[in-house]
C-alpha cells in the first residue's frame, strides 16, 4: 500500500519533471502538418486553424505545409526514409495499411475520448480502423454522382436523367444525333483518378477490384464494364480521344455545356457556381448496371510514431481541426461531405449535397492493400490500351490482373 | 549587293520552318499570358485575346509564389556558380599548366563524371542528402549543382587556359614575380573572359535544373523557379494556364536575354571547350 | 602540351602543388557523385523495403526482377527509339542549318540568336508550353490549324503514342539543335578556306565541295556531337515527364522516367537501384567510346 503510494508519487514527480522538461522544450515545440492541396483555399483555411490553436496555446507552434496530391505519397515515403517525417500528415486513407504495417502510424485511441470518437459518422471512421485500432481521423470525404446538363438533355428529348447504363447509352446517342460539338458522356482517360472513372462501371456491374485476396479486374463483370466504355468510344458517344483528357479537362467540357453527363464529386458544384453560373444542371445517382454503387473516398489525418510531439499533435486535431466550427468552414470551402454528426446538421437542407450523401449507402472504397499505386498504374495502363484501341478489353485487363496478383503475393 | 540580298532571302526562307517552330512556344506564352482567364479555355481556341489582361502577371506573382521562387533560384544559382568556380579554377590550372603523374587519369575521371546526369543517380543522391539531414534545404541543391558542373567547368577552363600564352608569365618570372603574383597579375586577368563564360553556363544550368529540385525540395517556400512553375502544372486538379504561361515567360525571358546578348561569346567559348 | 619538355613551365614549382590544386574537385566529386554510386550499387544487391532499409544480400534478385519485368523490354526499346530518333534527327537538321549560318547574309546574327534560343530556356519550360500548345480542346496548335481551315474536330495530340511519341522526339530535336549547330559552326570556322577556294577554281560543284571536302573535314566534330548528344538524350528526363509522364499505357515511358517512378512512386528501391546501375554501365560504355574517338582525333591533329 505504502509502496504503491511512493511509486505513484515518484511517477508523478517523474511526470512533472517530464512536463517541466517538455515545457522548456515546448518553447520551441513546433508541430509540422503536411496537407494535400484540394483547392486554393486549403492553405489559408489550415493556417487560420493553426492561428486559432496557437492563440489558445501560446508557446506552441503549428506549421502548415500544403503540397500537391500527386507528390504527396512520394514525399512522405522519402521523408520517412530520410527521417524527416512531419508530425501530422494528410494521407489517402488506403495508404494507412502500409504505414501501420511498417509501424509508422501512431494509434490514436489512447489520446481521444469516446465522446469525441462518437461524434464521427461511423462509415467514415471505418476505413482508418485497422485491427480494431484507430489510426487516423477522416478529414475529407466524398462520394461520386452523375452531373447532367438539363438543357442539353432536353434538347435531345430526354427529360429525366438516365438511371442505368442502357439509359446513358441511349441518351448519349440522342445527344450525338443533335450534331455540333457536344458529346453525350464524358470519359476521363489520363492522369490521377483515371482508374476511378472505370470503377464506377466496374462496381455497378457487380465487379470488385480485389476479391478474396486476388485480383478481380479480369472478371467477366470487369470485362463487361470496360467493354461498355469501349463501345461508347467507338460509337462516338464520348468526347474523341479520351486518353488526352484528364479530370480537369472533362469537367471543363461539362462547364462549357458541351457534354451531357459526367461522373464526378461534389467539388464541381463550387466550380460551376464560380465559372459557369448559368449552366442548368442536375445531379443524379451513378447509373446502375446490375447493382448500385459509387466511389467513396476518405482522406485521413494521421500522426507519425516518430513525432516527438504526439500529445501536442493530437491536441491540435481534437481541439481545433475536428470541432464543428472548423469542420463546417472546411466542408463549405472545399465542397466535401460532412464527416461529423454535428457538422452534418449544418448541411441538412442542401438538396444537391443530399444526392451525394444518399449514395453513401452504396459506397465502395479503394482496397487497403500494399503497393496500391503500382496496381493503379497497371489498371490505368489497361484502360488506356483499350481506349486507344491498342488492345481489347479482356487481354488488357488480364495483363493488369497478372500484375496485381504478382504484387499481392509480395 | 543585289546578289547578297537574293541569297539572304533564300537562306532565310530555308531557315523559316525551323524558326517558326522555335518561336511558336514564345508566341503561345505571350498569347495565353495576356488572355482574360475565361478566354483561355474557350472552344474553338483563338490566338488573339479580346483585351490585354496584364493582371495575369500580378495574379501569377502572388498566387504562384513566384517572387520567393525567383529569389531561391537566384541565390542557389549564384552560390553554386561561385563555389564551382573556386573549386574548378585551381584544378583547371593544374590540368592546363602542369605535368604530373595521374594527369591523364584525372582527365578520364573528369570525362566520366561529365557523362553522368543527376537522373541516373537521383535515388543515391537523395539518400546521401537524407543521411546528412539536408533534404528540403537549398544548400543541398547547391552542393549537387557544384558536383555536376565541376567536370564541365574544369574541362572548359583548362581548354581555355591552354590558349593563354605562357610567354607572358615567363617574362614576369624573369622580372622576379612570385608564382602567386604571376597567377594573380598575369594569368587571371587574361583568363577572365573564359571564367565569365564558364560562369554563365553553370548559372544557366542551375537556373534551369529540374530533377534534383523536384526530388530534394519539400516546402513550397523553398521551391526554385523551374520546379515552382512545374508544380503549377503537375498533379493539380485545376491548372490556370494563363498564370502558368505568364510564369514561364517570366522564368524564361531573363535567361533568354542574357543568352542573346552574350550569344557570340558563349558559342565561341563552348566550341573551344567542347572540341578540345 | 609541351609542358613535359619545358621544366620551367611547371609554374608552382613544388611537386605536390598540382595535387593540392585538383584535390578539392576530386573530393567534391567523390562525395556527391561517388558515394551515391557506391550506395546504389550496394542497395542493388540487397533486399530493401520501400523506406530504404537494406537487409540481406539477395542473390541479384533485384536484377532478375528488373530484367524479367514485363515492362522492361518495352522501356529499353522506346529508350533506343527516343535516343536514336532525337540524335539522328538533330544531326540531319543541324548540318544544313550550320552550313547556312556559316554563310554571310543579311541578318545572320539575328538568325543565329533565334536558333540558339531553345538552349537558354529550360527543358521544363519548353515541355510545359508544348504540353499546353498541344491541348486538344484549347491548345494553340489546333487553334492554328482551325484558322487555316485544316481542322474540323479537335485532335488530342498527346492522347495516343502514335502522335505523342513522335512529337516528343521532335521537341527533343528542337532543343538539341543549338548545341549541335554550335559545335558544327566551330568546326566549319576551323576549316582552311584556301582548300575550298582551290576546289572551286578546279571547277568542283557546291555539292562536290560539300561531299568531298566539308563532310570529311567535319567528321571529327560529327563523332563528338554524336556521342555527346547520345548521352544527353539518353539522360533526358523533363520533356517526357512534363508532357506525358509516360502515358498513355506506358507508351511514351523511357528508362529514366520509369526509373523515377520505380524509385519515388512505387517505392521499388531494389529495382530502381539495379536500373540505376545498369544505366550507369551503359553510360560508362558510351563514355569510353567517346574517349577513344577523342583520342583518335587528338592523334590525327
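Cβ from N, Cα, C; glycine included.
Summarising the annotation, TrEMBL assigns transmembrane segment to B:9-34 (among others).
Residues or ranges marked as domain 'ABC transmembrane type-1' in TrEMBL: B:70-262.
As annotated by TrEMBL, transmembrane segment applies to B:75-96 (among others).
Long-range Cβ contacts of the transmembrane segment (B:108-130) within its own chain (Cβ-Cβ under 8 Å, at least 6 residues beyond either end) map to 140, 144, 147-148, 150-152, 154-155, 209, 211-212, 215-216. Per TrEMBL, the feature transmembrane segment maps to B:108-130 (among others).
Per TrEMBL, the feature transmembrane segment maps to B:142-161 (among others).
Residues 77-78, 80-81, 84-85, 88-89, 93, 145, 148-149, 152-153, 156-157, 160-161, 164, 168-169, 172-173, 255, 258-259, 262, 265-266, 269-270 of the same chain lie 6 or more positions beyond the ends of the transmembrane segment (B:182-205) yet place their CB under 8 Å from a CB of it. The transmembrane segment annotation in TrEMBL covers B:182-205 (among others).
The transmembrane segment feature in TrEMBL is assigned to B:244-262 (among others). Sequence-distant neighbours of the transmembrane segment (B:244-262) (same chain, 6+ residues past either end, Cβ-Cβ under 8 Å): 26, 28-33, 56-57, 60, 64, 66, 70, 197, 200, 204, 207-208, 225-226, 228-229, 232-233.
Residues of the same chain lying 6 or more positions beyond the ends of the transmembrane segment (B:9-34) and with a Cβ under 8 Å from any Cβ of it are 40, 47-49, 52-54, 56-57, 241-242, 245-246, 248-249, 252.
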